[in-house]
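Student: I'd like to ask some things about the structure below.
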Amino acid sequence: MEHSRPSLQKGLLPRHVQLMALGGMIGTGIFKGSADTIHIAGPSVVLTYLLGGALLFLIMAALAEMALAYPGENVQHLIRRAFGFRWSFLVGWLYWANWTLVTVVELLAAGSFLRYWMPSVPLWLLALGCALLIIVLNLFPVRYYGETEFWLAGLKVAALVVFILLGAGMWFGVIEGANGDPWARYATYDTWFPHGVGGMISALLVVVFSYGGAELIGVAVTEMKDADRVLPRVIKTTIWRVIGFYVLPIAIICGIMPWNAVSAENSPFVQVLEATGISGAAHVMNAILLIAVLSAANTGVYATSRLLFSMAEQGEASRRLLRTTRHGVPLYGMGMVALCIAAGVVGAYLAPGRIIGELMTIPGFTVLIVWMMIGAAQLKLRPNYDTNPFFRVKGFPYTTSIAVVSLGAIWVSFLFQREHRIGSVLCLMILAILAMYGSIKEKQRRLPEQNIDEQSA
């Protein structure tokens, strides 16, 4: 069954990759995390999602340009080319930790959505069942993963379109259920910004967590067919679609319901549909939300196993992680991911009421770092491209520089916010450990080279 040749299959089609990026982004962050952002910022959270979308666009454009300049290289390869082994090691493991946590959060969210129908079943048991399903799916060849994710993500997109149409009907009075006048909630500064501009900025961390996943295109590029031809189109269309699928639903929710009436216990999407009075609508939406977070978890397991394989190729992880099945699936990488998911399930058993909220903070920090490194890599590499890619970021270096500085400012600001203190400390600890271990690994790599130089001398 095992196959020791260290190679992955090129089985992902453009439509797979495009829906995969959407699948990674449209998950817990929008369907469950949106309740947190609404509480933090009120209706001004709409502007927060627009600001986050603008930064996302600039970073993904930089990624597309570099991927075309250096065909076949993923995000980690590009960062290593720009800044060397130490930074590649740091970002690779940090990004792996990020997506491992995201996957755990998505599976726990899936368990919480199942409890809508089975409130007596413990969260950890439901999350464990979901985890087993996703891991088995990812043991099949990559083309099956791509096809499964294509349809799951497509269902999420269709559900959001239906929600937007129903919400628009409620907004304009065609369907009953709106609580008050939606237009009045966007009429004045006080209704827009109940917590001031600071509230709008404070919601950015959860918003960045929500948008995290777009950069998975840069992970999947090594398994993408005709990447140089389709990558720019995939990135452009993905970004515009996801901004629309985030901004419009959130604007509708904040218009139909008072921002302080949104419950953190259930998804705002389910709450809005319950208000319509349409029989079974809330149950249908909850089922779709369940599929949505399972889709995002599916993408997370794919990403984490491939990241481990990529790091093993670069000498930044054990060579054992290069072991693949006969279908080209990273065997030991999948096993390591499964162990981490099991640890998350144990956490759900020990602290079921707090674990989702605590875990969602850390990926927001790590996504900010990865995005900053993508932008910084473009600033470093562009003057030295070997080829002239047909897609180039306009306004360079100003646009990329603005994005990197803005992301850095957001990251620093959250280090000093009380509500993010636990996440800040954990993130800084992870950074420190990875930086120290990366330095040790780099010195170990240099020793053989020094010995060769001494012998030749």
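Here, residue 1 is simply the first one shown, and the rest follow in order.
Any Cβ shown, glycine's included, is placed from N, Cα and C.
OK, TrEMBL features for this one:
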| type | residues | note |
| --- | --- | --- |
| DOMAIN | 16-413 | domain 'Amino acid permease/ SLC12A' |
| TRANSMEM | 12-31 | transmembrane segment |
| TRANSMEM | 46-68 | transmembrane segment |
| TRANSMEM | 89-109 | transmembrane segment |
| TRANSMEM | 121-140 | transmembrane segment |
| TRANSMEM | 152-172 | transmembrane segment |
| TRANSMEM | 192-221 | transmembrane segment |
| TRANSMEM | 242-261 | transmembrane segment |
| TRANSMEM | 281-309 | transmembrane segment |
| TRANSMEM | 329-349 | transmembrane segment |
| TRANSMEM | 355-374 | transmembrane segment |
| TRANSMEM | 395-416 | transmembrane segment |
| TRANSMEM | 422-440 | transmembrane segment |
Student: In terms of Cβ proximity under 8 Å, which residues at least six beyond the ends of the transmembrane segment (395-416) contact it?
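Tutor: Contacts of the transmembrane segment (395-416) (Cβ under 8 Å, skipping residues fewer than 6 from its ends): 55, 58-59, 62, 201, 204-205, 208, 364-365, 368-369, 371-372, 375-376, 378-379, 382, 423-424, 428.
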Student: In the same chain, which residue numbers or ranges, 6 or more beyond the ends of the transmembrane segment (329-349), come under 8 angstroms Cβ to Cβ?
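Tutor: Sequence-remote neighbours of the transmembrane segment (329-349) are 2, 8, 100-101, 103-104, 107-108, 111, 122-124, 127-128, 131, 135, 138-142, 301, 304-306, 308-309, 312, 320-323, 355, 359.
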Student: Using a cut-off of under 8 Å between C-beta atoms, tell me which stretch among 46-68, 121-140, 242-261 contacts the transmembrane segment (152-172) the most.
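Tutor: Answer is 242-261, with the largest number of Cβ pairs below 8 Å.
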Student: Can you say which of 46-68, 89-109, 121-140, 242-261, 422-440 has the most Cβ pairs under 8 Å with the transmembrane segment (281-309)?
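Tutor: Answer is 89-109, with the largest number of Cβ pairs below 8 Å.
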Student: So, taking each listed stretch (46-68, 89-109, 242-261) in turn and counting its Cβ pairs to the transmembrane segment (422-440) that are under 8 angstroms, which one gives the highest count?
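Tutor: Looking at each of 46-68, 89-109, 242-261 in turn, the most contacts to the transmembrane segment (422-440) are made by 89-109.
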Student: State the non-local partners of the transmembrane segment (89-109) in its own chain: residues 6+ outside its ends, Cβ under 8 Å from one of its Cβ atoms.
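Tutor: Sequence-distant neighbours of the transmembrane segment (89-109): 27-28, 31-32, 75-76, 79, 123, 127, 130-131, 134, 209, 212-213, 293-294, 296-297, 300-301, 303-304, 307-308, 310-311, 314, 316-317, 337, 340-341, 343-345, 347-348, 355-356, 359-360, 362-363, 366-367, 369-370, 373, 430-431, 434-435, 437-438, 441-442.
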